[in-house]
């Protein structure tokens, strides 16, 4: 599923930028609507209906899974960790054109680098999350913050800026699998289905928050050039939430051992 999202972004971002440049921004939204209708028709025609009896878990049981503190922390770290990406990505075109000196026509090829990086990041993040879930969570968020922070120093470079756009794609989507896996593991049992849906919603909430924060930074803050380091701070706040959650995990594990040791004295 994440690979499909990655491929859609790889093709959609440069295609949308090209359509907007040549036919106006409304053409991009009409194209999105048409693709959505075609997708619905294909799903209806090709996806088989399940004939197996399935008894869904009671809603109250699923909600109890979402209400767990560690799940809530996981959702917050997803929102904040990924919001930093869209502080920059939502305004990558003016960053490239107004600060980087790129032509409008050069934006789409640069966005292809971002999309290609997303594919690599999706694969790398999935492998890391499978083998080392906790180090992957911390490491990918830290790497994303580092890429965003370093981007502040290369905004005027026509050589380095495309490289960092590609690196941003890698770092951004390397976080997705560790963040999703964290929430699923903490939800457990019947709560996993709802937790998975909530986590995707919080990814999108982070996208919206990041785009809003980027706009506020441009209109009422230090301006366009400040977006990368603002984004890095937002992602670091997500990392901070992750570290708090891991600290609580460690306390929960150590508490029974402390009680058992005291009982043996």
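Using N, Cα and C of the backbone, Cβ positions are placed for all residues, glycine too.
Features as listed in TrEMBL:
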type: DOMAIN; residues: 1-249; note: domain 'Major facilitator superfamily (MFS) profile'
type: TRANSMEM; residues: 27-47; note: transmembrane segment
type: TRANSMEM; residues: 71-93; note: transmembrane segment
type: TRANSMEM; residues: 105-124; note: transmembrane segment
type: TRANSMEM; residues: 136-155; note: transmembrane segment
type: TRANSMEM; residues: 161-181; note: transmembrane segment
type: TRANSMEM; residues: 193-214; note: transmembrane segment
type: TRANSMEM; residues: 226-246; note: transmembrane segment
Model confidence over the domain 'Major facilitator superfamily (MFS) profile' (1-249) (mean pLDDT, whole number): 89
Stretch of maximal Cβ-Cβ contact with the transmembrane segment (105-124) [cut-off: under 8 Å; candidates 27-47, 71-93, 136-155]: 71-93
